[in-house]
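Visitor: I have a structure here, written as structure tokens, and I will follow up with some questions on it.
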């Protein structure tokens with residue numbers, strides 16, 4: 001027999017609240033017995049672990065206790081000390097609900113569902129992109145909306161008076177986690193157990209957490225964390241995915257759909273129930289709306305049970321933790337009629353449609369004259385209580401409710417017109433609705449109960465100030481480039497279908513990228529504009545539209561330098577996707593941006609008012625160059641003129657990352673936490689940047705008509721139109737290496753889906769190099785066909801087929817064409833901040849392969865501060881790995897006035913003798929460097945993805961994503 005255990009309310013209330021952290025309040029709901037659990041004594045036929053103490057429940061047929069609602073299992077000895085809440089009440093305990101951002105459904109290994117506490121690899125599951133919350137797809141509508149509250153700024157609050165509390169999450173702790181209180185192991189691989197703060201990462205046993213300090217200091221990442229207290233986000237109906245700049249996934253089909261409803265194991269297992277004649281499966285509807293949509297849940301009960309037992313089973317099935325006596329059961333009669341179900345044997349009187357299961361309603365006893373409504377203070381300043389209960393009558397309207405609530409919160413109710421009453425639904429996320437001040441409250445509550453009891457229990461009413469401290473800025477991208485401001489305004493008005501400007505300001509405008517910022521006065525206007533622009537297409541391009549958070553720099557502590565993380569998610573074989581998810585969980589998600597969704601300008605605009613911050617660019621050399629280029633544009637109006645930039649190398653070459661000690665490539669095995677620690681300890685260094693000016697020869701097109709002079713004037717090119725400039729960070733090449741690079745680019749542009757890995761990219765370079773070696777020597781006699789000047793002096797060239805101009809001593813995935821021999825003649829030791837460039841000659845493709853294989857060096861030609869190359873025919877050239885065919889003319893390389901500060905990884909760890917330091921694995925010569933094979937063709941020879949950052953061009957990344965962000 002199974003014994004149902006219920007206990008009286010004990011003195012564990014305070015410890016239970018502590019165990020869940022300060023993101024919950026145990027006073028929000030009547031906890032009833034045993035923290036919401038409904039324990040049943042059960043015999044386990046296989047090894048089982050206690051979710052409270054994590055010890056094994058020994059014996060083949062030993063007994064323990066299991067919660068029928070959340071599957072929490074424990075020893076009998078642990079029963080009275082359980083402090084974890086049941087998932088049936090957890091949703092109602094959250095102070096300020098924040099919606100999760102779900103990933104795509106998949107089988108997640110080594111994790112447990114936070115609702116049913118079972119393994120997530122047993123069924124399709126999703127995880128939150130921002131916090132450590134995992135849930136089965138079929139459990140997702142019961143998920144608790146308590147994601148990290150990442151934007152908590154309140155107007156007129158001072159930084160010194162603002163406290164950050166821990167945000168605790170149960171279970172799924174990292175391996176080897178130790179309790180900060182008792183110093184013992186607190187993680188478990190066998191069950192959902194232990195507590196962890198989502199901000200600082202501290203872990204503890206559930207029973208030990210109450211002894212932790214209440215305040216959270218963000219742990220080891222404090223110096224680069226963007227504090228939630230300095231952020232505001234728009235009050236909008238837009239999903240959290242868009243506010244966080246996260247690519248949306250298809251929402252999981254969960255229990256809100258009429259299919260795949262599991263039975264409620266009231267007395268025995270589902271398999272046994274189906275084979276026994278004394279049990280029956282009944283469909284339960286919780287309201288008119290669920291019946292209209294035919295969304296039900298099943299309960300399994302014995303045929304001889306009482307009405308009370310049927311009622312209690314239905315309440316548990318819908319996770320309604322309330323006084324059972326307030327509810328009753330009716331059966332469906334006809335289309336719209338209902339009949340109350342009564343004892344002694346109620347199931348005998350239930351009508352069963354032919355071929356269908358019995359259908360019943362669970363209803364609430366409504367008082368026709370009065371009711372009580374909970375009103376929450378939410379984000380009001382200095383509210384002494386989380387909520388207040390207010391009695392309402394037939395005549396109570398929303399205006400009266402706001403006035404009464406303000407008095408309870410210690411505010412002046414006479415100013416009710418400065419506030420709104422917000423109806424917040426926590427069902428499947430967080431949805432908001434502003435109530436009409438003249439709306440009848442009692443009727444509103446009754447309608448909620450009649451439509452869905454489940455939804456009624458997850459709906460709250462918040463008092464909120466009408467004045468919004470948020471600056472409603474919207475980013476709009478993918479517009480035509482280089483238009484005038486009035487032209488952009490006309491385009492926006494046309495797309496919005498408005499005659500007058502709905503926005504209050506436009507700007508800054510990033511003309512080079514066809515992007516701009518528009519600002520609105522109210523969240524309603526901003527939301528309406530975003531919803532229209534999201535679906536807008538202009539010149540066959542879908543617009544990129546983003547609502548941006550607002551940073552209050554005065555709330556950032558003086559010793560904190562927030563880290564702006566910019567990730568190219570398609571870099572490194574899509575390794576960026578995993579990396580950006582890890583950074584969102586470790587940091588404030590509003591300081592992590594996907595550059596493929598709006599580019600680096602989005603994050604740079606958000607951080608524009610912060611006086612001191614750092615940047616972490618995750619991608620190949622092309623991504624790094626893209627970030628630096630956007631920084632040159634955005635810093636004119638920024639409080640921080642030149643923030644230092646660190647690198648996580650996700651590309652193929654990663655030469656700038658190698659020079660700055662960040663390694664040759666991210667392998668996926670590195671701990672993202674250690675990467676962030678290295679950023680904190682990194683040194684700031686300077687990087688020379690160079691302007692490469694291309695000037696074509698002026699060409700006239702002769703005519704035979706009498707108006708030759710007039711036609712010549714019309715056909716002659718403007719000298720300004722013949723000149724272009726690109727900023728160089730790493731290197732410049734002309735000749736053989738640029739030719740191979742150009743061939744590779746053309747092949748990739750023709751079939752971009754094939755170029756998804758570093759190894760494949762390098763094999764393609766090998767094939768192209770072999771073709772050039774044996775069949776296509778198009779750069780032969782280059783030394784006779786161009787002219788080179790260094791610092792104004794003409795240089796006599798040796799017999800070479802290519803020239804490489806170096807700013808870094810890393811090229812082609814770590815090779816050094818300049819060589820490592822001691823200084824000779826007038827050459828000084830090269831660095832990336834000495835104001836000099838190194839000119840190296842490459843004799844042929846085979847020499848290029850030897851250089852790449854680190855078996856030889858190039859031919860040292862010159863070293864100087866300005867380079868000039870004159871050509872009289874077309875040549876392939878590349879700047880930081882971005883190739884093109886350059887017409888005859890001059891190519892001048894001069895030191896740019898644009899400066900860059902970079903973060904160089906510390907040589908030795910300062911975190912202590914046993915601390916680990918990230919070591920990026922170099923490619924193995926036999927598996928990752930096919931170009932250093934028998935014929936010696938270089939592996940990333942001139943690869944636009946291999947060795948130079950292109951900050952100021954729209955170059956493809958030095959990794960395999962290539963043109964993905966153009």
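Cβ from N, Cα, C; glycine included.
TrEMBL entries are annotated by machine, without manual review.
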Visitor: For which of the residue intervals 207-227, 228-248, 249-269, 270-290 does TrEMBL record region 'Disordered'?
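Guide: My reading of TrEMBL: the region 'Disordered' range is 249-269.
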Visitor: Between the domain 'Ras-associating' (278-367) and the stretches 36-86, 99-147, 165-216, 472-545, work out which stretch tops the count of Cβ pairs under 8 Å.
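Guide: Top-ranked stretch among 36-86, 99-147, 165-216, 472-545: 36-86.
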Visitor: By DSSP assignment, list the helix, strand and coil residue numbers for the domain 'Phorbol-ester/DAG-type' (36-86), in that order.
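Guide: Helix/strand/coil tally for the domain 'Phorbol-ester/DAG-type' (36-86): 4 helix, 16 strand, 31 coil.
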Visitor: For the domain 'Phorbol-ester/DAG-type' (165-216), give the DSSP counts of helix residues, strand residues and coil residues.
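Guide: Each residue of the domain 'Phorbol-ester/DAG-type' (165-216) counted once, the result is 3 helix, 13 strand, 36 coil.
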Visitor: According to DSSP, how is the domain 'Phorbol-ester/DAG-type' (99-147) divided among helix, strand and coil residues?
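Guide: Reading the DSSP string over the domain 'Phorbol-ester/DAG-type' (99-147) gives 6 helix, 12 strand, 31 coil.
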